[in-house]
Amino acid sequence: MVILESAAALQAQTESWRQAKLRVGLVPTMGALHEGHLQLVRAAAQANDVVVVSVFVNPTQFNNAEDFRLYPRVPEADAALLAPAGCTALFLPSVEQMYAQPTVLRFDFGPLEQVMEGEHRPGHFHGVATVVSKLFHMSRPHRAYFGQKDLQQVAIIRQLVADLSFDLELVAYPTIREADGLAMSSRNRRLAPDARLVAPRLYQALTLGATLVEEQKLSPEAVQQTVAHYLAQESSIELEYFAVADAHTLQPVSGGWVAGSTVALCLAAHVGGVRLIDNVVVPLP
Ligand SMILES: Nc1ncnc2c1ncn2[C@@H]1O[C@H](COP(=O)(O)OP(=O)(O)OP(=O)(O)O)[C@@H](O)[C@H]1O
Ligand SMILES: CC(C)(CO)[C@@H](O)C(=O)[O-]
Ligand code: BAL
């Protein structure tokens, strides 16, 4: 595995791979890697000839300076995990490399980002789209891998790929969970032991919600209230939002259920001061 630290080095590397007719897979990350990330890398290694993994804590997608400062950064440990998982090149740029000058281009995804993460983290998806576009241009992948844990991010990047005609296949990978159901996340490292014990309740709430949606006995609004009430019983969980949404448009479902649609239940919550997100999707007959 090679470690590349500049955009020029990555571009030169991918150019030579493309000339050799090798298929390039890209896995963008912010590091502090866990099994969820490694499964994305293994999937990329299986379907492509070479795999680029980027590790970059992207400042432009953080709306909270403290969150950016506290984001775990362990590049040596990340590098040690990546080679055995099938990574060919680790791209580890500095902020100066990625943002040599302030960007003026602004992304606006309309209704897709006016809900959930986009609503609660102003500017977040502008930052994600900026850095992901740069990574796509620098690595020119045939396939790019993203996790469904960030369901709205996948929808935004699907729109980005379509709008800007990026010539690549977007692969959305299922959410990998701990044995107790907690979605793997780099921010889980910041959970104190008591918060870690409580955190699986988020997935339990989503599972409860999924059962209620499948039964279709309660209205979307009643499902929303029932799940919020379930979480309110745990005082160390502070719910930021719980959305009952259409899985494709991400707009709230209200009034009744639509046959043949897919419902996404998405939440963000603070557990012992750490902000976590999770979701489940429920296809309706
Ligand atoms: N548990 C998981 N299962 C599947 N994919 C995941 C999982 N966690 C993260 N990913 C995916 O890995 C990629 C990089 O994510 P990122 O580096 O932000 O890690 P993260 O664990 O989501 O961290 P955090 O949520 O704390 O920012 C994203 O596409 C993300 O959706
Ligand atoms: C896609 C991404 C690497 C862009 O910084 C980030 O949003 C993430 O880790 O999900
Ligand atoms: N996985 C999403 C990256 C972020 O929280 O900024």
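Note that Cβ sites are derived from N, Cα and C of the backbone, with glycine treated the same way.
Taken verbatim from TrEMBL:
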BINDING   30-37, 147-150, I176, 184-187  ATP binding site
ACT_SITE  H37  active site, proton donor
BINDING   Q61, Q153  (R)-pantoate binding site
BINDING   Q61  beta-alanine binding site
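On the structure: features taken from TrEMBL.
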residue: M30; record: ATP binding site; Cβ within 10 Å: 18
residue: L33; record: ATP binding site; Cβ within 10 Å: 27
residue: G36; record: ATP binding site; Cβ within 10 Å: 20
residue: H37; record: active site, proton donor; Cβ within 10 Å: 26
residue: Q61; record: (R)-pantoate binding site; Cβ within 10 Å: 21
residue: Q148; record: ATP binding site; Cβ within 10 Å: 17
residue: Q153; record: (R)-pantoate binding site; Cβ within 10 Å: 22
residue: I176; record: ATP binding site; Cβ within 10 Å: 18
residue: S186; record: ATP binding site; Cβ within 10 Å: 19
Integer Å distance between the CA atoms belonging to Q153 ((R)-pantoate binding site) and G36 (ATP binding site): 16
Annotated binding-site residues M30, L33, S186, filtered by Cβ under 6 Å to ligand 2: M30
Listed binding-site residues among Q61, Q148, Q153 whose Cα sits within 10 Å of H37 (active site, proton donor): none
M30 (ATP binding site) versus Q153 ((R)-pantoate binding site) - Cα distance in angstrom: 14
Rounded Cα separation (Å) that holds between S186 (ATP binding site) and Q61 ((R)-pantoate binding site): 16
Cα-to-Cα gap, Q148 (ATP binding site) vs Q61 ((R)-pantoate binding site), nearest whole Å: 18
L33 (ATP binding site) in three-state DSSP notation: coil
Neighbourhood of ligand 1 - binding-site residues from L33, Q61, S186 with Cβ under 6 Å: S186
I176 (ATP binding site) and Q61 ((R)-pantoate binding site), Cα-Cα, nearest whole angstrom: 23
Secondary structure of I176 (ATP binding site) (DSSP, helix/strand/coil): coil
